[in-house]
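What follows is a single structure, written as C-alpha cells, with notes after it.
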Amino acid sequence: MAETPQPYLIFVFFVFTLTVATQTTGSVKCKTSLLRYPFGFSDGYPIRFNCSEITGEAVIGEFAVQEVTNSNIYVEIPPVCKRNIRKIEQLFRENLAPSKLQNIILVQGCKKQNKSSNCLIRNKFVENRLNLSKCKSPVSCLDGATTTTADVMSLGDVVNGSGCKYWFSSISQSQVSVNLGRLKLDWWLKGSCSNTTCSENADCAKVKLDDGGLGHRCTCREGFSGKAFTVPGGCHRLVYKRKGLHKLVVLGTAGILVGVLVIVVLIATYFFRNKQSASSERASIANRLLCELAGNSSVPFYTYKEIEKATDSFSDKNMLGTGAYGTVYAGEFPNSSCVAIKRLKHKDTTSIDQVVNEIKLLSSVSHPNLVRLLGCCFADGEPFLVYEFMPNGTLYQHLQHERGQPPLSWQLRLAIACQTANAIAHLHSSVNPPIYHRDIKSSNILLDHEFNSKISDFGLSRLGMSTDFEASHISTAPQGTPGYLDPQYHQDFQLSDKSDVYSFGVVLVEIISGFKVIDFTRPYSEVNLASLAVDRIGRGRVVDIIDPCLNKEINPKMFASIHNLAELAFRCLSFHRNMRPTMVEITEDLHRIKLMHYGTESGKFKNRSEIDMKRQQSFPRE
C-alpha cells in the first residue's frame, strides 16, 4: 500500500457541483454550488443553505455541504478536539437532521461509556494519523441507530442523553466505503404524504421525525424526469429515440413482451426481497466492522481497488491455498511489499465474527512468532485480511512434501517446535486476560524466509479468564479441527489453556513422524494420529513413528532428542487436562532438549545457519 495518510479509514472529502434529481424552474447558484428546488439560498426556499463567500460552497451553519441527493445531504465534519457538543445543533433544523442509519457520531469527554456502540478510538490514532497532538481525550462512538424509532436522530439524545461534552467528528458508511469526517442528513418537507404537494408522476416518501410527526419527500417515478414538487412543469416522461425499429415489429412483439414482463416482475419481486434482506445484513456487518476498525488504530484500512490490484484481480496464479473459511492470495503493493490476503468464502455472521475476533486479538498482541496483521478491507459485505507474506508456506506442506523441497531436517523441526511453543506460551502467560488459540495445527504454522515459525489464523481464538479470577476454564461449544481437538474439551465444553497444549502435542507428533493427523488408509484403531502416538510411545515403540526421511541423518544424540520430544508429546496428549504440562513448562523442556542436542547455544545457531544456507542455495525462494 502506498505511503499515504489514510491507513485506517477512507477519508472522502468532496467539493463539487451539487445537484438533485428533483428539478424546478430555474436554479440557484453560489459560485461552485448549484442547487434546485426545494433547496436554495434565500427565505423563499423550504430548505435554505447559506453561501460561503470564502469558498463559494453551500454551507449549513459552519459545515460545508458536499453532496445533495434525492433523500440525503452530506456535510463535512472535520475532526476537531474539544468542539462543543452543542455545535451539532446547527444540523438539526425544521427540514433536516442527521440520519439514524449509517451514521456514527464521534464524541469526547463522556461521563459514561456509550453502550450502543462498543468502540473507542485511541489517542495514538488521533495524534499520529490526524495530526492532532493536543487531543488528549479518547474518542468514543455514539451510534444513532438505537436512539429513537424515527428515521432521524434525536437532538436530545445526542446532546443530553450521551453525557458527552465534545463532538470530535462523524463517520458515514455505505456498502463500499467508510468515510471519516462526513455526516449524512435526511431532509424533508412539512406534512405527511396524505397532504402531499408532489406533482403528477411523482412518488411521495414519508419521513418519521423524532417528535412523532411526519415529513415527506417527492421524487419523480422511474422513467420520468423533471420537477417532483407542485411547481410548473412537473415530471415528464423520458423519451428515447430508437432508429431501425419497424412499427409493425413493435406491435407484433408487444403481446409477448407483456407476458414475459409479468413473469419477470414476479421473479424480480422475489429476488428484490432477498436482496433487501442481504443489503440490511451487509449494512449491519459494515457498522460492526466500522467500529472495530475505528477502535483499533494499529490496523490500517485498505481499499478494495488496492486489494484487487495487489492480487492481479484475484488471479489463480496468486492463490496460495484455500480452506473452510476462505482463500489466501499472494499480493504485492506499489511499495513492493509482498503480503498474503485472505478473502473470506462466506459473508455470514459466523465469518464476520471471526474477522472481528482476529482483528481484535492480533492488534492487541505482538510476538516474533505470531503472524502480523498488516491491515484489512471491507467491500460490499465482503471482508479481507492482509498479513505479512510467509514465502516458505506452512509446516504441514513441508511435512507432507507438497512443496517439492528437501525434507525438513531434525534441527529445523526442533527449532520450529521451540518457536511455536514460545508463541503459545506468550498468549497463555504474558497476556492478561490470556488468549486460547483453539486451532493450533501444522497448517496454521507458517514459515518465513529463514524457516522461522509464525502462528496464524486467530478466527476461533477466545479470551480466557483474567488472572484476577481463579477460574481455570471458560465454558463454550467445542470448535477446532478434527484430530487436533482436545477430547476432554469436546466432552465437557470446558475450554482452557490445556486445550491448546493437546493440539500442540499433536503437532509434536507430526514433527516426529511426518504422518497425517487423520488418515483412513491406516488401520481403524490408528486413523487418529494422537491415538496411534499414545499407543506407540506408551509401549516404548517410538521408532515405529519416526519419519523415514530422518533416517539418513539419525545418530545417538538425535535419537535421544527424538525420544525426549516423543515423551513430551505423550504428556501433552493426556486425556485429563490436569495431567498435561503448561506451555511454559513445555518451552522449558524444549529448551533442555535443544541444549542436549546442540550441546551449546552457539552450536545451535551455526548448525541452523548452515542448513538454511544449503536449502536456499538448492531451491530459489518463492
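Just so it is clear, glycine is given a Cβ too, placed from its N, Cα and C backbone atoms.
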Which residue, chosen from Asn195, Asn296, is annotated N-linked glycosylation site in Swiss-Prot?
Asn195
Quick one: which of Asn50, Asn607 has N-linked glycosylation site in Swiss-Prot?
Asn50
Swiss-Prot annotates one residue of Asn114, Asn335 as N-linked glycosylation site; which residue is it?
Asn114
I need the nearest neighbour of Thr322 (ATP binding site) among the glycosylation sites Asn50, Asn160, Asn195, using C-alpha distances.
Asn160
In Å, rounded, how far does the Cα of Asn195 (N-linked glycosylation site) sit from the Cα of Asn50 (N-linked glycosylation site)?
29
Neighbouring C-beta atoms (10 Å sphere around the C-beta of Asn160 (N-linked glycosylation site)):
11
May I ask for the distance between Asn160 (N-linked glycosylation site) and Gly326 (ATP binding site), taken between their Cα atoms and rounded to an integer number of Å?
45
Tell me the Cβ neighbour count for Asn50 (N-linked glycosylation site), meaning other Cβ atoms within 10 Å of its Cβ, over all protein chains shown.
14
In DSSP terms, helix, strand or coil for Asn195 (N-linked glycosylation site)?
helix
Looking only at Cβ atoms, how many others are within 10 Å of the one on Leu320 (ATP binding site)?
17
If you draw a 10 Å sphere around the Cβ of Gly326 (ATP binding site), how many other Cβ atoms fall inside it, taking every protein chain shown into account?
22
